[in-house]
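Student: Below are the features I grabbed from Swiss-Prot:
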- ASP49: active site, proton acceptor (ACT_SITE)
- THR134: active site, proton acceptor (ACT_SITE)
- GLU73, ASP129, ILE131: Mg(2+) 1 binding site (BINDING)
- GLU73: Mg(2+) 3 binding site (BINDING)
- ASP129, ASP132, ASP274: Mg(2+) 2 binding site (BINDING)
- THR134, SER245, LYS248, ARG262, ASP274: adenosine 3',5'-bisphosphate binding site (BINDING)
- SER245, LYS248, ARG262, ASP274: AMP binding site (BINDING)
Amino acid sequence: MSLCNLAKIRSVAIKAVEKACIACLDIQKQLISEDTINKKDQSPVTVGDYTVQALVINELLKGLDEEYPIIAEEDSKTLSSQKDVESKVLSFFNRYSNESFVESQLSSLLDKGNKKKDLNSSNRWWTLDPIDGTLGFLRKDQYAVALALMEDNKPILGILGCPNLPVSKGSTEKGCIFVGLKNKGSFMIKLSNLDQEEPIKVSNQSDPTKAIFTESFVSRGFGHELNQKISNSMGVTAEPLKIDSQCKYAMVARGDSDCYLRLTQLDYKECIWDHAAGHIIVEEAGGIVTDFKKQQLDYSKGFKLENNVGIVCSNKLLNDSLFDSIKKSIQF
């Protein structure tokens, strides 16, 4: 099997995520209101999830010569039973893809992302989280379209579309795409100017007491409590940056934050699509991503990181201090 040129794959993947980001902004504008927020209505993010998955898969299929297996979150079964949601998804998809699909074609496309393993026969495969950060999406806050290309069960290309993320710290302009390609570095692209790529690097902060952590808005399990324990052990004084989704990886890769830790429960296993894209982007920006036992992330065991305990992401310079404090703060 001939393999596509990685530069072409990178270009097509960026375009796919860009289309998805623009669709997400439109879906938020049209479907999310104060009323849906107050009612905790999940339907806008459901429309977004399915629309983005269909758009990204369609762009990959149209733009690339080789069709790699795709592991994504959604399939068509649930959607087909929600006709009102399905009609909205079809409308948004056709608008942003310039297609004229009917329901059956949409279902077939969505199910292209239903490669429920075994991927051992495939050297390369995609993993996609259409909207990572459901709560952020519904609040019109931070969320990400997360796409990664895997090779031999390791991420070699990551794209994070962050439609609501400021283009720089303190900027009022929002909308970024982050891309990392193995051995080629990481870059940020503004949604307002897709022709210009800006190289990004992790911070050079080496003083543990000055480290800036990033964590989720909402604590799950003992996550925030443990993070505070570890940061206190390091002598950190700054408040953590609270942000939803894999945008946390982008913050570390761009140098806005120095560390991102995630451990909610000792027995909880992370989904591969929640980390693959951010992982390679941080590494190519000069950072490091392991688990709490300092083990490499193992993407070979299905949909979850079955062999790993949590996530430790840093600018690399702070890694020794982080793990010294981790050892003092939790027993495995």
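Cβ coordinates come from backbone N, Cα and C, glycine included.
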Student: Taking each of ASP49, GLU73, ILE131, ASP132, ASP274 in turn, which of these recorded positions have a Cα lying within 10 angstroms of the Cα of SER245 (adenosine 3',5'-bisphosphate binding site)?
Tutor: ILE131, ASP132, ASP274
Student: Per DSSP, LYS248 (adenosine 3',5'-bisphosphate binding site) is which: helix, strand or coil?
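Tutor: LYS248 (adenosine 3',5'-bisphosphate binding site) sits in a helix per DSSP.
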Student: Fewest other Cβ atoms within 10 Å: which of the recorded positions THR134, SER245 wins that one? Let me know.
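Tutor: So among THR134, SER245, the recorded positions given, the one with the fewest Cβ atoms within 10 Å is THR134.
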Student: Please list residues from the chain of LYS248 (adenosine 3',5'-bisphosphate binding site) whose Cβ is under 8 angstroms from its Cβ, counting only those at least six apart in sequence.
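Tutor: Residues satisfying the criterion: THR214, GLU215, SER216, SER257, TYR260, GLY278, CYS313.
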Student: What is the nearest of the recorded positions GLU73, ASP129, ILE131, THR134 to ASP274 (Mg(2+) 2 binding site), using the Cα of each?
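Tutor: The smallest Cα gap between ASP274 (Mg(2+) 2 binding site) and any of the recorded positions is with ASP129.
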Student: Distance between ASP132 (Mg(2+) 2 binding site) and ARG262 (adenosine 3',5'-bisphosphate binding site) at the Cα atoms, whole Å?
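Tutor: It is 15 Å, counting Cα to Cα.
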Student: Could you state the CA-to-CA distance between ASP129 (Mg(2+) 1 binding site) and ASP49 (active site, proton acceptor) to the nearest Å?
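Tutor: Answer for this pair: 8 Å between alpha carbons.
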Student: Which three-state DSSP class does ASP49 (active site, proton acceptor) fall into?
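Tutor: Its secondary structure by DSSP: helix.
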Student: Given the AMP site residues SER245, LYS248, ARG262, ASP274, which other residues of that chain have a Cβ within 8 Å of the mean position of their Cβ atoms, reported in sequence order?
Tutor: ASP132, GLY133, SER216, ASP244, GLN246, CYS247, TYR249, TYR260, HIS275, GLY278, ILE311
Student: Using an 8 Å cut-off from the Cβ centroid of GLU73, ASP129, ILE131, can you name the remaining same-chain residues around the Mg(2+) 1 site, in sequence order?
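Tutor: Nearby residues not in the site list: ASP49, VAL52, GLN53, ALA72, GLU74, LEU128, PRO130, ASP132, VAL145, ALA146, TRP273.
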Student: Give me the long-range Cβ neighbours of ARG262 (adenosine 3',5'-bisphosphate binding site): same chain, 6+ apart, Cβ under 8 Å, in sequence order.
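Tutor: Those within reach of ARG262 (adenosine 3',5'-bisphosphate binding site), by Cβ under 8 Å and sequence separation of 6 or more, are GLU215, SER216, GLY223, GLU270, GLY310, ILE311.
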